[in-house]
Amino acid sequence: MDDPADLGFDYKPDLPVPISQVGGRYLLFDIKVASFLRREYRICGTQTGTLPLAPSQNLFLGLPIEIMPEEAQLLVEKGVAVVVDDARAHDQAVLRSPDSIRRADYLANVEKQARRFELLSTQEKEQSRRRALEKRARATTANLASTEPPSTPRQGEAAAPGLLDFAEGEKEEAASDTPARESSVRDEPVSSQMEPAVNSSTSHYHITPATSQHLVPGSVGATPKSTVQGLPASYPMYRHLHEKGYFMTPGLRFGCQYNVYPGDQLRFHSHFLASGFEWDRRIDLMDVVGGGRLGTGVKKGFLIGGADPAGQVRTFSVEWAAM
């Protein structure tokens with residue numbers, strides 16, 4: 001069980017942390033790991049998880065967090081993370097694991113959570129039913145009080161309050177007896193249904209754990225030097241800018257490869273629109289002009305760069321100036 005102190009900014013996971021590779025995408029399913037990577041290694045990522053009941057909306061997004069292949073490769077090179085084939089790892093852990101005791105313990109833990117959720121759900125339904133009966137009884141009492149003709153006492157005005165109080169007492173007693181009888185009749189099957197939910201070996205609820213850290217072994221072995229395939233030609237420039245202390249996010253919004261921030265994107269606007277090129281590649285002049293005009297129009301600089309055959313990265317900033 002996690003220590004409460006590890007739920008905040010002091011959390012430090014055991015390195016290397018796993019990065020799940022699912023369908024060619026690199027995902028982080030643990031919010032504490034994602035916060036650690038953002039805080040210590042300037043890896044922001046993009047939230048891709050949506051609401052189960054409204055999958056088409058993109059206003060409220062959460063886990064998993066998708067990171068770029070360049071970010072995954074950078075973490076691998078630093079020994080901070082390792083890329084794990086998600087489908088293969090879970091297949092080996094669940095179906096082909098030689099440790100049958102660990103697998104049985106995991107399944108028992110999931111079933112225990114399902115039974116606990118079923119018990120809480122049953123108790124909540126019972127409380128809602130009791131509140132509804134009490135509300136109905138109060139409404140019935142109020143209707144009876146409103147439909148009775150007003151009494152006209154003829155002898156002594158002082159005796160009227162006592163008679164009214166006595167009548168009200170009878171009504172309250174009858175109203176309290178009615179829901180009590182209904183509750184006693186209905187409580188018996190509900191309580192008898194709650195007991196098997198706790199003691200039964202199976203549950204009607206199915207739990208999907210948010211993370212599988214208790215299922216997949218935490219030890220991922222030695223970190224490979226290169227596990228990300230098909231890195232773009234802009235990776236040397238990305239690594240160069242990251243070493244300079246910049247934060248970077250995907251730049252599709254502005255037609256580039258990276259939005260470059262001097263600090264966390266929650267605090268700063270981006271300073272550059274960056275695109276990387278191979279050293280010997282010919283660059284169309286219109287691309288340079290278009291990038292410069294776009295960058296100047298949104299109050300940013302257009303940054304291009306690449307690595308020479310010796311591995312040295314050079315960058316150039318382009319701005320548009322009206323003639």
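Every residue gets a Cβ built from N, Cα and C, even glycine.
Residues or ranges marked as domain 'TSEN34 N-terminal' in TrEMBL: 17-86. Taking DSSP states H, G and I as helix and E and B as strand, the domain 'TSEN34 N-terminal' (17-86) has 21 helix, 27 strand, 22 coil.
Annotation source TrEMBL lists region 'Disordered' at 121-204.
Under the heading compositional bias 'Polar residues', TrEMBL lists 140-149 (among others).
The annotation compositional bias 'Polar residues' is assigned in TrEMBL to 190-204 (among others).
The active site annotation in TrEMBL covers TYR261 (among others). According to its DSSP assignment, TYR261 (active site) is in a strand.
For HIS269 (active site), the Cβ neighbour count at a 10 Å cut-off comes to 12, with all displayed protein chains included. DSSP classifies HIS269 (active site) as coil under the three-state reduction. TrEMBL lists HIS269 (among others) with the feature active site.
Neighbour count (other Cβ atoms within 10 Å of the Cβ, all protein chains): 21 for LYS300 (active site). What TrEMBL lists as active site is LYS300 (among others).
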Worksheet item: Cα distance, LYS300 (active site) to TYR261 (active site), nearest Å?
Response: 10
Practice prompt. Go ahead and report the DSSP secondary structure tallies for the compositional bias 'Polar residues' (140-149): helix first, then strand, then coil.
Written response: 8 helix, 0 strand, 2 coil
Fill in: Cβ-Cβ neighbours of TYR261 (active site) (radius 10 Å)
20
Worksheet item: To the nearest whole angstrom, what is the C-alpha distance linking HIS269 (active site) and LYS300 (active site)?
Response: 9
